[in-house]
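Asks: Mind looking over this structure? Questions follow.
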Protein chains: 2
Amino acid sequence: MTIENISQAKVAGGWHKQYTHRSSTLNCDMRFAIFLPPNVSKSSPVPVLYWLSGLTCTDENFMQKAGAFQRAAELGIAIVAPDTSPRGDEVADDEGYDLGQGAGFYLNATQAPWSQHYHMYDYVTQELPALIEANFPVSSIKSISGHSMGGHGALTIGLKNADSYRSISAFSPISNPMQAPWGQKAFQAYLGSDFETWKQYDASELLKQAQAKLPILVDQGDADNFLVEQLKPEALQAAAKAHDSDVEVRIQPGYDHSYYFISSFIGEHLEFHAAYLNQ
Amino acid sequence: MTIENISQAKVAGGWHKQYTHRSSTLNCDMRFAIFLPPNVSKSSPVPVLYWLSGLTCTDENFMQKAGAFQRAAELGIAIVAPDTSPRGDEVADDEGYDLGQGAGFYLNATQAPWSQHYHMYDYVTQELPALIEANFPVSSIKSISGHSMGGHGALTIGLKNADSYRSISAFSPISNPMQAPWGQKAFQAYLGSDFETWKQYDASELLKQAQAKLPILVDQGDADNFLVEQLKPEALQAAAKAHDSDVEVRIQPGYDHSYYFISSFIGEHLEFHAAYLNQ
């Protein structure tokens with residue numbers, strides 16, 4: 001598990017660093033970024049928040065635009081941001097921005113040509129945490145968050161791996177992808193037409209089945225252009241209510257789908273996660 | 001003075017908005033961005049911090065990457081970011097990233113072909129504040145800050161217009177452009193070869209002549225790749241010491257030239273300016 005450092009910048013007293021590595025899960029070279037707060041060492045490891053980004057993003061969007069580091073430094077939390085899909089000339093792609101490279105949907109594809117590389121679910125839940133814990137002064141205590149497609153990823157991965165994560169949060173998640181055009185297009189291509197398989201990657205469906213009850217915080221702007229057609233937080237709220245789950249969905253008046261929205265509430269999300277990561 | 005709104009996003013309880021307008025000073029269409037803190041109105045106007053960006057930047061770099069809005073919202077300060085040069089197909093340009101479009105150096109060019117459009121000094125000191133004060137619920141109380149080429153701009157504009165600004169700050173400014181390759185290339189092209197003219201756009205030279213003594217805060221990372229050859233904060237420090245000026249130059253260990261550095265200290269700069277803007 002060799003990783004190669006390709007950039008580093010001091011920020012908020014800690015460090016932002018980017019690495020490349022060969023992913024055996026994805027069968028391609030991948031890039032990720034990590035924020036390490038000040039004063040970390042192998043003898044005083046810190047917990048990790050995994051951040052999953054949305055359609056068209058890379059590891060860079062959150063790190064450059066979320067304004068998260070000052071608060072993460074104060075709270076003593078590392079942040080890891082993977083890319084949003086496998087990458088490279090040899091990796092299947094699509095002309096649409098919402099399928100293929102930049103649109104991995106954090107699942108394991110079963111259909112050709114996608115099944116050769118698109119195993120982002122295994123990458124985020126297995127290979128990446130192993131790599132991070134082997135190479136950085138972090139503990140195995142972790143939480144997960146994300147935006148839009150990455151909010152879908154955080155919710156589904158957290159709900160399916162409640163033993164591995166302390167808490168889940170999301171901004172503007174695709175909450176019920178089986179009922180939304182983005183999700184239907186991606187699931188049909190990556191998973192085929194079996195709706196039972198789709199349910200395994202739909203947060204609102206998974207919430208109905210969830211055994212363990214992780215704390216979940218969701219923020220959604222009511223001026224988000226994608227709200228009605230694609231995001232459907234009401235499905236998540238209904239499933240949470242029916243299942244008596246610990247899900248707080250906050251509708252934030254006036255906010256849209258952008259990183260300006262994320263930057264406005266990322267501090268509160270970090271504090272939410274810190275309460276579980278540092279307990 | 002018609003301005004056209006082209007984007008808006010709620011952030012930190014306030015608003016980020018972009019506008020285009022026809023600039024009579026620059027003879028071209030220009031774009032700028034403004035952050036308005038919460039609860040502003042014509043009956044309770046707020047002061048303005050003008051932010052000048054560096055080489056290759058537009059109005060967007062600071063607004064997307066500096067992480068300034070939460071603190072600016074708390075302090076009740078609007079922030080205005082102009083573009084870094086005149087723009088458009090009809091505007092003279094150069095193949096280098098450090099001359100022409102994206103590299104206006106906040107001066108009034110006297111040499112062809114640049115003199116037709118490159119009047120960023122007049123734009124920032126005259127046309128833009130008039131436009132802002134006519135169209136937004138802000139007062140005429142203002143301070144100025146910037147990064148790299150924009151740090152040079154903030155220092156020179158502030159020093160030459162001490163009656164118009166309350167305070168000046170800069171990140172990694174080109175402190176003595178007459179003695180640095182970036183400045184020499186730009187000044188030769190825009191101003192010709194008269195060194196007396198150059199001195200009117202060199203912060204270290206202007207500091208020697210300054211009558212009024214505005215408070216000045218400068219942050220400079222010691223891991224900045226451009227530090228020795230291009231930035232020369234020691235010239236600014238020497239001029240400040242000889243002139244007994246109110247200049248604090250802080251060398252920040254480990255930090256580079258990027259927005260990760262700016263985001264680490266922008267909160268302190270906002271607090272510095274607020275002490276003068278809100279007094």
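Cβ coordinates are placed from backbone N, Cα and C, and glycine is handled just like the others.
Note that TrEMBL annotation is computational and uncurated.
Okay, these came from TrEMBL:
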- A:Ser148: active site, charge relay system (ACT_SITE)
- A:Asp224: active site, charge relay system (ACT_SITE)
- A:His257: active site, charge relay system (ACT_SITE)
Asks: According to DSSP, does A:Asp224 (active site, charge relay system) fall in a helix, a strand, or coil?
Replies: coil
Asks: Rounded to an integer, what is the Cα-Cα distance in Å between A:Asp224 (active site, charge relay system) and A:Ser148 (active site, charge relay system)?
Replies: 11
Asks: Quick one: pull the CA-CA distance for A:His257 (active site, charge relay system) versus A:Ser148 (active site, charge relay system), whole Å only.
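Replies: Just about 8 Å between their Cα atoms.
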Asks: Within 10 Å of each Cβ, count the other Cβ atoms and name the one among the active-site residues A:Ser148, A:Asp224, A:His257 with the highest count.
Replies: A:Ser148
